[in-house]
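Below is one structure, written out as structure tokens; the observations come after it.
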Amino acid sequence: MRGGGGRGGACGAGWTCYHGALDLFLLDRTTHGRVLHPQPHPPDGRADRPADGHPARGAGEANAGAAKTTTLALRIAESLARNVEPARILALAFTPEARDVLRQRLLDIGVPWDTVNQLDILTIEDLAMRTLAQLEGEALRLTLQPRRLKTHVWRAVDAVAAQYAGRPGSRFAELDLRKSETAVSGYLDTLLRLKARMVLQGEDDDDPVEAAEVAQAPLTDYLVALAYETARLDGEDRAVFRTAFDPTYDLARWLRREPGCAQAFPRYRVVVCDELHDMNEASFVIVEALIRATGAFFTGVGDKHQVIHDQLGASHDYLDFRFRHAFPALRAYPLTTTYRHGPHLTLAIDALMDNRGSSGVPDHTEIRQLHYDTAEDCAQQVVAAIKEWKKDKRRLEQCAVLMRDRHQSIALENALIEAGIAYRVPVMKGYLQREEILFLRGVLAICLGDLRAVPSYEVRTAIVEALAAFAGLEAAAGFEKVKHDIAKEPSLLRGFFQGHLGGDALADAETAFADVMRYLEQVPQDSPAGEVLAEVCRRMDVAAVAKRVYVNPYAASVAARSIDGFVAMAGKSGLGLAAFWKKINAAEVFASRKREKDFIHLDCVADVKGQEFGHVIMPYLEVNEFPNPLMPARTERNLFYVGVSRTRQRLTLISPADTERRSVFLRQMQIAAVAPKADQALRQLENKVTEERAFRLYLSARYEEREEVRQLGAQFDTVRKQWYIESGQDTAPFQRWL
Ligand SMILES: Nc1ncnc2c1ncn2[C@@H]1O[C@H](COP(=O)(O)OP(=O)(O)OP(=O)(O)O)[C@@H](O)[C@H]1O
């Protein structure tokens, strides 16, 4: 049973390596973050050993890269080595990205593929869906888009109006009931917060005025939330519809009401949970019930500075005291040394977060700063930073461009395409495939009568969907079928939308799309693309349409900025409609080509939690971009921290040439001020390594030779990622690697 996956040079050996790595990890007293063990003994009853022997500290210091995920992977590997069946091990995370990183880390430390596949590695939402399906006897279906929830919110508003409003002298007389896009978004935000915190009472329970006060929600929002939930649950246990997070909430409700439901959880013996800083009340109810019902040995890790989902009720309270309160036998171990980057970045991050951490990596992690005047200039700097990395003979796949938001990707993607640099966009779609841009592509396709030029069937379908969403036609009868018909036979596109011109759907639509269609009918095909798209946006008042489509003002503002960027790009290209259409379709072919190597990652910071890259490039570090003024200041700082702390070897920060316009975070990192202290810390680490080297002989063995050297008695240095033998050891068997 040998390790299947793994990065070149990482542990990569089989079972015994788990013990080797685990022992090394446990004996090393410089680890980081926070590890919680509610039960004192692992499954086989052997006394558990603390990560660093320290008693729990009050608030718990935490840094990124302090081996939290690795600790969980090792805990699982250790359990497997002690013959716990894989099917009785559960690894939990809060986001799909964190779940995938945990899975990859197991492969990295050498757990074989087939064993990893037998483990349950789930998000809490996955677990909730699976358990609810079992309790309810059928698979769950989710409604995912907020705009589809709008009618439910409107009905809830009507229900509240019918029940309370206008009662003279009543304390409900001043209810502020509205149905605008902004109001709907506000109601949905409050609803999510109330559910995440589990503070929404039943309709017949307490006095709603008092309940709203306790829940710290405006009375109107609270009543709308109550009416919405009453309709969603239809007075029954089973939900009439569910959107994201509802499975977690519904399972938590079941468990509170009928604790016996917890018997539906499989009989896990070992449960680990990553990113506990993302925990909210509903998730906590589930995890607590799971631990109690199964009696599993639990290990959880978290870092309070990585709380970026506070709109979902995430809080470090769970990490700090809720677990301790629920499980008095819990033991907490601080993890305070990062193994991801050297002291220069560690100390700059400490200055940013007002934290005290240290580094265990004897390397000078470079922090480079570049500056720009315009968005395009910034994108060119990104290209230059990538080329420099390549020139230094580093792998492109180790390079990630991390943005605050997706609207920034237009200039970046164009610059990458122009420079012939391949890129991957794992969570965030490339800009050409995002809904608001698909809408504009749809406009071009109608104008030129050339949807056929889009090679992918899925993208053609998505274009028709986006056009319908922006035109307010999604709900038109038979649209589902029509959408696929058009994708199969692209020539139907124009006719479909023209068909609505004289008819009722478009004429009555709340958007000005009918006017746009009439404009497109007569626009000359050799018109400049930028002008046509700008006119379409003006006629439609596209910012207002984005608010209707995306409901949430923040999401709408990002979409509107994305559209502005695309129209500006069309204008700057100076191309006519046909030439611009050809150019973007060719760009899409380039961007969506599948590649196994020689590509960089392009993603939003919020979506790369848990991951790490050799070179992190953070562009557009300017006022009004990062921090984003629409979001809470603390969350923005945490998000920036998540971004910079993904770095292993090099961090490139790109900000405006004008110092006034630079992001406040750059100043807060105090990069120059901490450098002398970092130099000193680095020297100490290097001395330590030199001392260790006096006792170690490092081997030049390659990854493929790991088994051979291991069997001959070599050991693996996880920091240097290199095999070695002790100085007194017989060197004869190792001559060819010395
Ligand atoms: N004992 C160790 N010695 C050397 N390297 C280690 C050790 N433990 C972990 N690492 C390496 O340190 C890096 C960071 O580890 P890991 O991803 O587990 O940290 P984390 O605390 O989960 O990070 P984050 O929360 O920021 O995502 C990884 O590359 C891992 O292989």
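Heads up, the Cβ atoms here are built off N, Cα and C, so glycines get one too.
Over in TrEMBL, the protein carries these features:
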BINDING   Ala62, Asn63, Ala64, Gly65, Ala66, Ala67, Lys68, Thr69  ATP binding site
COMPBIAS  43-55  compositional bias 'Basic and acidic residues'
DOMAIN    41-342  domain 'UvrD-like helicase ATP-binding'
REGION    33-64  region 'Disordered'
C-beta crowding around Asn63 (ATP binding site), within 10 angstroms: 29
Thr69 (ATP binding site), number of other Cβ atoms within 10 Å: 26
Among Ala64, Ala66, Lys68, which are binding-site residues, the residue with the most C-beta atoms within 10 angstroms of its C-beta: Ala66
Integer mean pLDDT for the domain 'UvrD-like helicase ATP-binding' (41-342): 82
